[in-house]
Amino acid sequence: MVPEPGPSANSTPAWGAGPPSAPGGSGWVAAALCVVIALTAAANSLLIALICTQPALRNTSNFFLVSLFTSDLMVGLVVMPPAMLNALYGRWVLARGLCLLWTAFDVMCCSASILNLCLISLDRYLLILSPLRYKLRMTPPRALALVLGAWSLAALASFLPLLLGWHELGHARPPVPGQCRLLASLPFVLVASGLTFFLPSGAICFTYCRILLAARKQAVQVASLTTGMASQASETLQVPRTPRPGVESADSRRLATKHSRKALKASLTLGILLGMFFVTWLPFFVANIVQAVCDCISPGLFDVLTWLGYCNSTMNPIIYPLFMRDFKRALGRFLPCPRCPRERQASLASPSLRTSHSGPRPGLSLQQVLPLPLPPDSDSDSDAGSGGSSGLRLTAQLLLPGEATRDPPLPTRAAAAVNFFNIDPAEPELRPHPLGIPTN
């Protein structure tokens, strides 16, 4: 987190003598801060353990989530407890040498969390707008290099300026006695805020807005493909059925409505993600710049805005997996749930594309069997096996019992935009119906 600016120069506090007095904050404030700290540490630890223990979640995209949850976990374990004591007592009550170290970790962990959010948006952007080239571009070594680059930038924006004293340039006033508030100059605040917040937030807005536009545009395309090629899908799967024009028309309308709801859900998802990010962090960084200019923000208000930014580390492990179907399923397997055995038995008993000896298998959807035409600027040229075809035909992938893939299959351009956070696919599952025995 960018240190609080102000006209005072030195970041080395003057320490009062004697033991610390009783905390000035109320019991409700202390209890609320303890709940925030416990929830932040528990939620991020749970999701890190979930990704590490569940093979279905070990893929390149979730590597960025592990980095995000690690930075948020460090905020909850390293940054929040001293900040709580500092807010309750009104002064720094820990060892004097820990003040500068804690401030550096504060800046590094919060900056790393914001930069990891930027990497996640970039990963979603590449996956949805260029799905055929995603695995060629976002390889595990490149993902690791991006994560290391984010943490290196966060460390350079925190430890290096504090150790070299760049934040003290141009100041000569003594510090406030007993306080651990890093007072920085306006140039340092502008540079640090731009590198760790304004540039990443601009990239996040750009990528998510592009995803939103693609979701709205391609939801209409998916609905038209679903309506126009339902009969072709039936012939591809060789599922005989009796034509019912009235029922098919109603089904087409329901499918179009469902696609519209999926696009709306994608829009709401983006709104929630962007809204929570800017609500928690934008007030703090605006207050940083205002304080550097006029020194007119009280310490109490600045503490409130600081904790509002900390709460972003509490919300990230709740908001992001909330829209990811794989996390929900893995969490149901990871945590004991009384309803899980009954739901699993009901799922096994339901008629679908299964045999009596093969176990549960994934159902076929329209996106797996329909030739989906790609726009002219698509990445169809990267498909070496297409043979110059203008469409992309994805066949159903049937897994053997107990077989699992480490990375999810590449989504098509039409379905990925609506399903950019692993929302349940919009296409109906096609199930074969047994043929009746002919009678004379």
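Placed from the backbone N, Cα and C atoms, the Cβ positions cover glycine too.
Annotation source Swiss-Prot lists serotonin binding site at D106, N288, citing similarity to another entry. For 347-358, the entry in Swiss-Prot reads compositional bias 'Polar residues'. According to Swiss-Prot, the feature disulfide bond maps to C99-C180. Residues or ranges marked as topological domain 'Extracellular' by Swiss-Prot on the basis of similarity to another entry: 1-27, 89-96, 168-185, 294-299. Feature annotation from Swiss-Prot assigns topological domain 'Cytoplasmic' to 53-62, 123-142, 210-266, 324-440; the stated evidence is similarity to another entry.
Recorded features from Swiss-Prot, shown on the structure.
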| residue | record | Cβ within 10 Å |
| --- | --- | --- |
| C99 | disulfide bond | 21 |
| D106 | serotonin binding site | 24 |
| C180 | disulfide bond | 24 |
| N288 | serotonin binding site | 25 |
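When the Cα atoms are compared, N288 (serotonin binding site) and C99 (disulfide bond) turn out to be 20 Å apart.
Across all of the topological domain 'Cytoplasmic' (123-142), the predicted model scores a mean pLDDT of 89.
Residue pair C99 (disulfide bond) / D106 (serotonin binding site) shows a Cα separation of 10 Å. D106 (serotonin binding site) sits 12 Å from C180 (disulfide bond), taking the CA atoms of both as reference points.
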